[in-house]
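Structure first, then comments.
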Amino acid sequence: MNKSPEGRYLFRYVSARVVFVAMGFLGFNLVYAYKVVLSMSIIAMTNHTGSSVNSSDCIANEVNKTSTTTFPGEKFDWDSDVQSQVLSSFFYGYILTQIPAGILATKYGGKWIYGTSLFIAAIFSILGPIAAKVDYRLFMVTRIIQGLAEGVVFPCMNTLIAQWMPKMERTRGTTIIQTGSMIGTVITLPLTALMCKSNFMGSWPATFYILGVAGIIWYALWIVLVYESPETHPFISKAEMDYILENDGGFKLKENLSIPYKEMFTSIPVIALTLTHFGQNWGFLTVLNLMPTYMNNVLHMQINENMLISGLPYLGQAIFGWIISYITDKIRQSGRVEITTLRKINCFIAYMPPAICLALIPTARCDTTYSSILFILAMTFNGACFSGMNSTHVDMAPDHAGTLMGITNSFGNIPGFLATIVANQFTGKGQTIHNWSYVFYLSAGVFVANTFIYGIFASAREQSWGRTPKKQ
């Protein structure tokens, strides 16, 4: 199809890549909404007389509560071990589909795989509360299936970013899309807390239903508005398509594309990137999955405070991520600083200040304000990871970015269940500040290790195997 000089329909007024970034951003809202909804709702789902909540550290905070931790809706007698299993179950599925998704997206494209995965996650979000009322193991199955579905999103999105984002806009595009996950978290945690306090649709199940319906609506829009590549978009303007293709975007998908596995698995920069991804998620997912529990069980914060504070770290992370991405692209455009140096500076910012903040949390003791500030600062500085580690895959291997993301994200999300299990080993015997301190010290140590691993061994230079040779 010949391209219109000015574009057609909506794309006459809004560029196709802006629509792509916006829909990708909204998609990542849902990706993390489905992932984090349980970390807040489990407080209302469980009967705490059946769990090991026996902290006496912050008894004054508990006495000062104007309301007890009782919520409308059905309760389950899940002890700390069962809660740990339920919280971890999403990631059992999540790590399994990363590499296959990267391969399939590289060969056949990411649009349909990415979109359909979120549609499946939406359906099982609706089914989740029904399953939980039958048996916690059946509920775990719905979470595992959601994890299997969502495991494809990062590899597929990296493939689409390589298609759609010009080189000098790539950091901003990647950051805006991926920080959708943070905004999704900011919206979902307070929404979940509000639903848990209400009688609407059975209390805590309401958020699962709302997010499921939102995902179905998003999927319908994704099908209509987003296309696989600039070349296949029927309504994009010729000027925009040419601009993208002339600036390192777009590549022809090939079913017989050879993927350089040996080069990837033996590459020191790839190994460093994979270890950094693991460390990033150890610290990040520890806070994401467990911060509401810490605030409720140890600091005895009221649900109103918990829902506000639980979302603020990720709002800070998104805003800081946007700022850093803009600065990074501007410096890159100037040509004064090499891209690897920029990525390493961003990784230093993403890991060292958060490590300090996490290590200081036990010193806050029962001071909820001090604790909250440290959590917010830790995740805010961590927002630099989007312009650091998270943007490196497309830099290194534009034609294999999906596969590379699949490899690093598969290994990188093992902390999704491992960090929760390890944390439970420390806290299962008592929800005390002393027991939780080991959780925060370990996460801080991992972030420090990340700084050195990426700083010494990683590279953002395009690798010799990173692009498929073009036939003459």
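Using N, Cα and C of the backbone, Cβ positions are placed for all residues, glycine too.
The transmembrane segment annotation in TrEMBL covers 12-34 (among others). Residues 4, 6, 114-115, 118, 121-122, 125, 146, 150, 153, 157, 160-161, 164-166, 169, 173, 176-185, 187-188, 211, 214-215, 218, 221-222, 225-227, 230, 233, 235-237, 240, 244 of the same chain, all 6+ positions outside the transmembrane segment (12-34), place their C-beta atoms under 8 angstroms from a C-beta of that stretch.
The domain 'Major facilitator superfamily (MFS) profile' feature in TrEMBL is assigned to 19-462. Residues belonging to the domain 'Major facilitator superfamily (MFS) profile' (19-462) score a mean pLDDT of 86 in the model.
Residues 35, 38-39, 42, 78, 113-114, 136, 139-140, 143-156, 158-160, 259, 289, 402-407, 409-411, 413-414, 416-417, 420-421 of the same chain, all 6+ positions outside the transmembrane segment (86-105), place their C-beta atoms under 8 angstroms from a C-beta of that stretch. The transmembrane segment annotation in TrEMBL covers 86-105 (among others).
Summarising the annotation, TrEMBL assigns transmembrane segment to 112-132 (among others).
Residues or ranges marked as transmembrane segment by TrEMBL: 144-164 (among others). Here the transmembrane segment (144-164) has long-range neighbours at 16-17, 20-21, 24, 27-28, 31, 34-35, 89-102, 104-106, 109-111, 113-114, 117-118, 120-121, 124-125, 128, 170, 173-174, 177-178, 228-230, 244, 249-251, 393-394, 398-399, 401-406, 409-410, 413, meaning same-chain residues at least 6 beyond its ends whose C-beta is under 8 angstroms from one of its own.
For the transmembrane segment (176-194), the residues of the chain that approach it from at least six positions outside its boundaries are 21, 24-33, 36-37, 39-41, 157, 161, 204, 207, 210-211, 288, 292, 303-304, 306-308, 310-312, 314-315, 317-318, 321-322, 325, 383, 386, 390, judged by C-beta separation under 8 angstroms. The transmembrane segment feature in TrEMBL is assigned to 176-194 (among others).
The transmembrane segment annotation in TrEMBL covers 206-227 (among others).
For 264-287 (among others), the entry in TrEMBL reads transmembrane segment. Below 8 angstroms of C-beta separation, residues 313, 347, 350-351, 354-355, 358, 375, 378-379, 382, 385, 389, 392-393, 396-397, 400, 403-404, 407-409, 411-416, 418-420, 423, 439, 443-444, 446-447, 449-450, 453-454, 456-459, 463, 465 of the same chain, each at least six residues beyond the ends of the transmembrane segment (264-287), sit close to that stretch.
The transmembrane segment annotation in TrEMBL covers 307-327 (among others). Counting same-chain residues at least six beyond the ends of the transmembrane segment (307-327), those with a Cβ under 8 angstroms from any Cβ of the stretch are 40, 171-172, 174-176, 178-179, 182-183, 185-187, 189-190, 192-194, 287-288, 291-292, 295, 301, 346, 349, 368, 372, 375-387.
Summarising the annotation, TrEMBL assigns transmembrane segment to 348-364 (among others).
Here TrEMBL flags 370-389 (among others) as transmembrane segment.
Summarising the annotation, TrEMBL assigns transmembrane segment to 401-426 (among others).
Within the chain, the transmembrane segment (438-457) has long-range Cβ neighbours (under 8 A, six or more residues past its boundaries) at 268-269, 271-273, 275-276, 279-280, 282-283, 286-287, 290, 343-344, 347-348, 351-352, 354-356, 358-359, 361-362, 388-389, 419, 422-423, 426-427. Here TrEMBL flags 438-457 (among others) as transmembrane segment.
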Same-chain residues at least 6 beyond the ends of the transmembrane segment (206-227) whose Cβ lies under 8 Å from its Cβ atoms: 10, 16, 19-20, 23-24, 26-27, 30, 33-34, 37, 41, 111, 114-116, 118-119, 121-126, 128-129, 188, 191-192, 195-196, 198, 200, 233-234, 236
Chain residues outside the transmembrane segment (370-389) and at least six past its termini with a C-beta under 8 angstroms from it: 171, 174-175, 178-179, 182, 273, 276-277, 280, 283-284, 287, 291, 295, 299, 309, 312-314, 316-321, 324-325, 328, 342-347, 349-351, 353-354, 357-358, 360-361, 364, 454, 458
Chain residues in Cβ proximity to the transmembrane segment (348-364) (below 8 Å; excluding those fewer than six residues from its ends, i.e. six or more beyond): 279-280, 283, 287, 324, 370-371, 374-375, 377-379, 381-385, 388-389, 433-434, 436-437, 440-441, 443-445, 447-448, 450-451, 455
